[in-house]
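Data first, discussion second: the structure below is written as structure tokens.
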Amino acid sequence: MLSVVEGIFIFVVISESVFGVLGNGFIGLVNCIDCAKNKLSTIGFILTGLAISRIFLIWVIITDGFIQIFSPDIYASGNLIEYISYIWVIGNQSSMWFATSLSIFYFLKIANFSNYIFLWLKSRTNMVLPFMMAFLLISSLLNFAHIVKILNDHKMKNDTVWHLNMYKSEYFIKQILLNLGVIFFFTLSLITCVLLIISLWRHNRQMQSNVTGLRDSNTEAHVKAMKVLISFIILFILYFIGMALEISRFTVPENKLLLMFGMTTTAIYPWGHSFILILGNSKLKQASLRITEIFHNCFDYVSGNLSL
């Protein structure tokens with residue numbers, strides 16, 4: 001029987017999942033329609049891939065969490081944990097890869113530094129994506145190999161039920177090794193976002209001395225961009241905190257609230273960042289306003305007919 005607090009957590013997680021699927025589904029749909037009309041751009045490819053991978057990731061987070069909460073015996077026995085582990089690697093790695101690629105793309109396109117390395121990378125922006133894709137492939141293969149080793153070690157012990165047969169320090173070391181690729185993407189995203197914020201802040205300070213209308217509008221755009229980036233960093237950190245809580249939960253399997261809090265914190269990032277992207281991207285924002293206007297007109301039409 002679930003307590004009131006557990007029920008609230010489940011309601012919040014389901015709400016986050018619904019918003020996440022709707023927000024990311026909207027991003028994917030808009031970019032797919034744009035792709036049908038025109039050639040798919042690099043940013044369109046990244047946003048579409050990010051939206052699809054996040055929808056996939058949300059379903060993995062929710063399915064895995066709910067099975068652990070409502071059917072722990074089914075989760076602990078059989079091959080279910082093996083399948084979920086493989087699916088998790090695919091969803092988490094691809095989502096982090098697209099998010100990191102988006103951060104690097106914006107950094108190289110918008111930031112302004114006189115550093116030689118930055119200028120060299122900026123002139124080769126089109127080469128960054130294939131390089132990141134190669135790293136994703138290598139990282140995923142290493143993760144799969146590590147998971148296979150852990151699962152084979154478990155099977156050799158002839159255990160019928162999954163449980164923690166190792167010291168906590170050993171368990172956390174294995175989790176760090178398993179998530180090295182994700183940690184690399186996370187670190188790279190944070191570095192590029194911080195550098196981009198520094199670049200925008202420096203540029204904003206240079207423009208403050210000029211009070212013309214054009215400069216004012218540019219200043220406002222730069223401030224808005226910095227707010228978007230800071231929000232992204234906060235959500236990104238929350239995602240990793242949630243992951244850490246879910247991983248820590250295996251050391252105290254009887255604590256369901258820790259798992260639920262981890263799920264809630266983890267799910268904030270996929271849906272929260274999707275709405276930040278919609279508000280920060282002119283094409284997505286215009287499409288959302290058009291849809292909102294259509295729904296508003298439909299509502300007025302239905303309300304007018306009902307009143308008659």
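Residue numbering: from 1, along the chain as shown.
Cβ coordinates come from backbone N, Cα and C, glycine included.
Bear in mind that TrEMBL entries carry predicted annotations, made automatically and left uncurated.
If one looks beyond the transmembrane segment (6-30) by at least 6 residues along the same chain, the residues whose Cβ comes under 8 Å of a Cβ in the stretch are 47-48, 50-52, 54-55, 58-59, 61-62, 65, 69, 256-257, 260-261, 263-264, 267-268, 270-271, 274-275, 277-278, 283-284, 287-288, 291. Sequence annotations record features per position, and here TrEMBL assigns transmembrane segment to 6-30 (among others).
Residues or ranges marked as transmembrane segment by TrEMBL: 42-63 (among others). Away from its own ends, the transmembrane segment (42-63) comes close to residues 13-14, 17, 20-21, 24-25, 27-28, 31-32, 34-35, 84, 87-88, 90-92, 94-95, 97-99, 101-102, 105, 126, 129, 263, 266-267, 270-271, 274, 277, 281 of its chain (Cβ-Cβ under 8 Å, at least six residues beyond either end).
Proximity of distant same-chain residues to the transmembrane segment (83-108), defined by a Cβ-Cβ separation under 8 Å and at least 6 residues beyond the stretch ends, is recorded for 42-43, 46-47, 49-50, 53-54, 56-57, 60, 63-64, 67, 121-122, 125, 128-129, 132-133, 136, 139-140, 143-144, 147, 151, 181-182, 185-186, 188-189, 192-193, 195-196, 232, 236, 270, 273. Taken from TrEMBL, the feature transmembrane segment covers 83-108 (among others).
Using a Cβ-Cβ cut-off under 8 Å and counting only residues 6 or more beyond its ends in the same chain, the transmembrane segment (128-151) has close neighbours at 42, 46, 82, 85-86, 89-90, 93-94, 97, 100-101, 104-105, 108, 121, 174, 177-181, 184. For 128-151 (among others), the entry in TrEMBL reads transmembrane segment.
Same-chain residues lying 6 or more positions outside the transmembrane segment (171-198) and placing a CB less than 8 Å from one of its CB atoms are 92-93, 96-97, 99-100, 103-104, 106-107, 110-111, 113, 135-136, 139-140, 142-143, 146-147, 150, 164, 226, 229-230, 232-233, 236, 240, 243, 247, 250-251. The transmembrane segment annotation in TrEMBL covers 171-198 (among others).
Annotated transmembrane segment per TrEMBL: 225-245 (among others), in sequence order. Tertiary neighbourhood of the transmembrane segment (225-245): same-chain residues 99, 103, 110, 179, 186, 189-190, 193-194, 196-197, 200-201, 204, 258-259, 261-270, 272-273, 276, 279-280, selected by CB-CB distance under 8 Å and a gap of 6+ residues from either end.
Marked as transmembrane segment by TrEMBL: 257-280 (among others).
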